[in-house]
Each structure stands twice: as C-alpha cells, then as structure tokens.
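Report on the structure given below.
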C-alpha cells in the first residue's frame, strides 16, 4: 500500500495535526485479550505463533476489530532478527526470552536466508493489509540493533546489562553492524509487502551513557533510516528509544526518524518544547491496567498538551497482560471523542 494514505501516516508525513487524535497501543494484540488467549491456547511455542501466517493475521486484527484502533501493528517480536541470525531463541512462560548467549560475531549467520525465513510474517503483512480498512495504518517493526544485541549477548532480558557493557567493543560493534544489515533488509521487505508505517523499538536504549547511546543507538538507527529512505524517500518511521531521557532530543535531531514515541517518564511539557517532530505516547501502562479513573484523567491531560501538534496517542510502553479490556475500551472511546 502507498504510504501516506492512512491517518497515522498522513500525520507523520505532513508533520501537522490531523483533526481527531488517532490511537493505537503497543502490544495491543496479546495476552490482555480473551480472543488472543483462546486463539493460542493449543500453541506451546511462541516463535511458532510468530511464523504462522494465518494466526499472525488473526492476532494482528483482533484489537482493531474489538476496539476500532486506528492502526494495526503486525503481531511479531523484536527477536525475530535474532532467530534469523541463527540464535537459539526460546520463550519461557512467566520468564520471557531465553537465548543461548552469543560470544562472537562469527556465531551469527549472514542475511542470505532472511526473506525465506521471514516469508510467513511478510505474507501475514500482505493479508492484514488486504483486510484492513484503507484509512487504518499497518505498522511493521523491528528491534533497534543495540536492543537486539543486548538480548543475544546477555542471553535474555537484563536489569544490569553487565555482560553486554563489558563485551569486547570491537566484537559488540560488529554484532550491531550485522544486526543493522539484516534489519534494513527485513524492514524494506515489510514495506514491500504492505506496511505503511515502521516503528523501531530500542527498548534498552536507557541503559547507555551519552557516548555509547550515540554509538550504539543513534548511528545504527541513522543507517537504517537512510537505507529505507533511499528506497522510499518520505516513508514514515517512528523511533522509540525507551528511557533515553534528555537524549530523546539528540535522537530526534540526529537519526532522521519521522516521529518519536516517548515513554511515560518523559515530562510532556519538556517533550513539547524540545522534540520538534510528530510525537507518540505516553500514558503509563500501569495506570491503564490498575487505575482506570486516573488513566482517563491522565489521557485527557496528555491530549490537552499535544492536540495542537502532530500527535498519535499511545502508551509509554506496551499493554500489560492483565489490563482489563474494559479499561482499554474506555481509553479508546475517550481519545476518539475528546
């Protein structure tokens, strides 16, 4: 689909408000929905779900059908890239991803098999786009190279990032370069198969000091965006360097992202004053899950602050699994009517 014809893509490309504030939520498809739990009840392997074209199509469309979201985001995971590179990726219920730690860039496969390996996901993108109303965006995505690298070196999620931050700098840089190369190919394929917006999730960006943030987040992101825009000149790309703090400003100014998603720790007045591109965010998902009254109150405050800007309503991170569906419905109804 030609980018720019959907509501969210228009807001990003025109860099101006689009009337009603649109809404979609990170992790809007997933465990918070009873229809999701039913659809995957006989599936024991999360990666098998991600490579099942028909199931991915169904899961991607579920929140759009239930809540009338303004965008669908393809149901997948940022560790697809790790799997493509030959890492042993498993998801353990209640724990998260468990990966055999990578100790050298020589352990990683090349990009030759990426289209073949990810074809079930790409075909799901094509199917979703064909079933999605034309005014609704289809968001493709990948993890930021730093974040994917931290997962495969740490062997999963981490609170300290002690292994990756003490990794040989030259080896870490090569691993990030390899991930960047594959990510470029993967995202371009997602666009070719029908995604009309892309989001880069650098979930672990906040673990880095300013010099390392520039080397491991800004530079790889810039390379990805230049490669995409060399093929698709004004394609809308949202960056999400979670917990970057004041470095959000450098990220917006130096990477070339079309828009930025801000986490819930970013003061909205600071964001409005310092981030001069379309904004997305930033309701605390804990409020949405556990305090509907406060969530609605805070959502109104966010909209009041940003409604005169090009703005997309979202959370400051993903929907929590135990978020009541009635809370999500109330939020969507509020944003669409406020």
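Backbone N, Cα and C atoms are what each Cβ position is placed from, and that goes for glycine too.
Annotated features, as they stand in Swiss-Prot:
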{"type": "BINDING", "residues": "27, 28, 29, 30, 31, 77, 151, 203, 317", "note": "substrate binding site"}
{"type": "SITE", "residues": "77", "note": "site 'Transition state stabilizer'"}
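Annotated features taken from Swiss-Prot, shown on the structure.
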residue : record                             : CB count, 10 Å
27      : substrate binding site             : 18
29      : substrate binding site             : 25
31      : substrate binding site             : 14
77      : site 'Transition state stabilizer' : 20
151     : substrate binding site             : 27
317     : substrate binding site             : 24
Coarse DSSP state, helix versus strand versus coil, of residue 31 (substrate binding site): coil
Pairwise Cα distance maximum in Å, substrate-binding residues per record: 27, 28, 29, 30, 31, 77, 151, 203, 317: 23
Distance, residue 151 (substrate binding site) to residue 77 (site 'Transition state stabilizer') (CA atoms, angstrom): 12
Secondary-structure category, per DSSP, in which residue 77 (site 'Transition state stabilizer') falls: coil
